[in-house]
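Asker: One structure coming up, written as structure tokens, with questions to follow.
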Amino acid sequence: MSTLTVPQQVPPVSEDVEQLRKAFSGWGTNEGLIISILGHRNAAQRKLIRQAYAEAYGEDLLKALDKELSNDFERVLLLWTLDPAERDAALANEATKRWTSSNQVLMEIACTRSSNELLLARQAYHARFKKSLEEDVAHHTSGDFRKLLFPLVSSYRYNGDEVNMTLAKSEAKMLHEKISNKAYSDEELIRILATRSKAQINASLNQYKNEFGNDINKDLKADPNDEFLALLRATVKCLTRPEKYFEKVLRLAINKRGTDEGALTRVVATRAEIDMKLIKDEYQRRNSIPLDRAIVKDTHGEYEKLLLELVGHEDA
């Protein structure tokens, strides 16, 4: 499901490090060389490169990249080069600082990562920001948003596939009851979304549809302008069909007048090694244009080149 391509014969780390140093030397930066290395190494390999670079030159590779590059290309390359947990911590911290009711990044991180990945992100947050993600989320959000986001980022849900059908039936009924009464921020509704395993939530929502005839997200569309309801719908999507959620983020990022590079960069950097293949299939199905073609139409330069390496592209 990953779209990252790693060469069958990966050069020794020392060679990658030497080549990167070469890319930074002399007149101008050799962006193509940087892309050919970092754009084709997995997370474990990039981590080794970063460690070896620091040992060889006494400088963090991220600092070297920061000095040499700029704009959207720098942003996507820095995010991509970060360890996934550090990356999530950085994105979450940004999201708390710039938090608005339409910002779904905190929920996205909490709901599309495995329990372990979320735990590692919380630990990376401690290490980098000297405080907890939970306290920042509680501090920067309020009302119903805090009521939902705080338990989501604090969660450590069971990751297995086992499902309790009796529970699925009773919780589907409870969810329907709360939604029918417009009790969208009811603690029981939030408890189910924030603590149950993804397999259990899927079973409950399938039960909901069978029993009450509607997809739960259709019933959560009572007021299309309500941003808390939009966050609830996105939460359900991230927990059950993340590729649909990310396709929509990309569609909105690319189809706007003027690209939302922040969203495009975030999705490509965080999903290329996870499920970008599924997201691309969903994008093609929904928009009748391949994602790589949409990226070519909307971006340019080294930024475009690195995005295309990460999402995989057909040569024209």
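Every residue, even glycine, has its Cβ placed from backbone N, Cα and C.
Annotations in TrEMBL come from automatic prediction, not curation.
So TrEMBL says this about it:
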- PHE24, GLY26, GLY28, GLU68, ILE254, LYS256, GLY258, VAL296, THR299, GLU304: Ca(2+) 1 binding site (BINDING)
- ASP298: Ca(2+) 3 binding site (BINDING)
Asker: Which residue, out of the binding-site residues GLY28, ASP298, THR299, shows the minimum number of other Cβ atoms inside 10 Å of its Cβ in this structure?
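Answerer: Looking at the binding-site residues GLY28, ASP298, THR299, the Cβ with the fewest others within 10 Å is that of GLY28.
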Asker: If I take the alpha carbons of GLY28 (Ca(2+) 1 binding site) and ASP298 (Ca(2+) 3 binding site), what is the distance between them in whole Å?
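Answerer: GLY28 (Ca(2+) 1 binding site) to ASP298 (Ca(2+) 3 binding site), Cα-Cα distance: 26 Å.
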Asker: Tell me which residues of the chain lie with their Cβ under 8 angstroms from that of GLY258 (Ca(2+) 1 binding site), as long as they are six or more apart in sequence?
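Answerer: Once residues fewer than 6 apart are set aside, GLY258 (Ca(2+) 1 binding site) is near nothing.
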Asker: In angstrom units, rounded to an integer, how far apart are the Cα atoms of ASP298 (Ca(2+) 3 binding site) and PHE24 (Ca(2+) 1 binding site)?
Answerer: 28
Asker: Return the count of C-beta atoms lying within 10 angstroms of the C-beta of PHE24 (Ca(2+) 1 binding site), excluding that atom itself.
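Answerer: Neighbour count, Cβ to Cβ under the 10 Å cut-off: 19.
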Asker: Might you list, by sequence position, any residue in that chain lying six or more from ILE254 (Ca(2+) 1 binding site) with a Cβ less than 8 Å away from its Cβ?
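Answerer: Within the chain, ILE254 (Ca(2+) 1 binding site) has Cβ neighbours under 8 Å at ASP260, LEU264, ALA294, ILE295, LYS297, ASP298.
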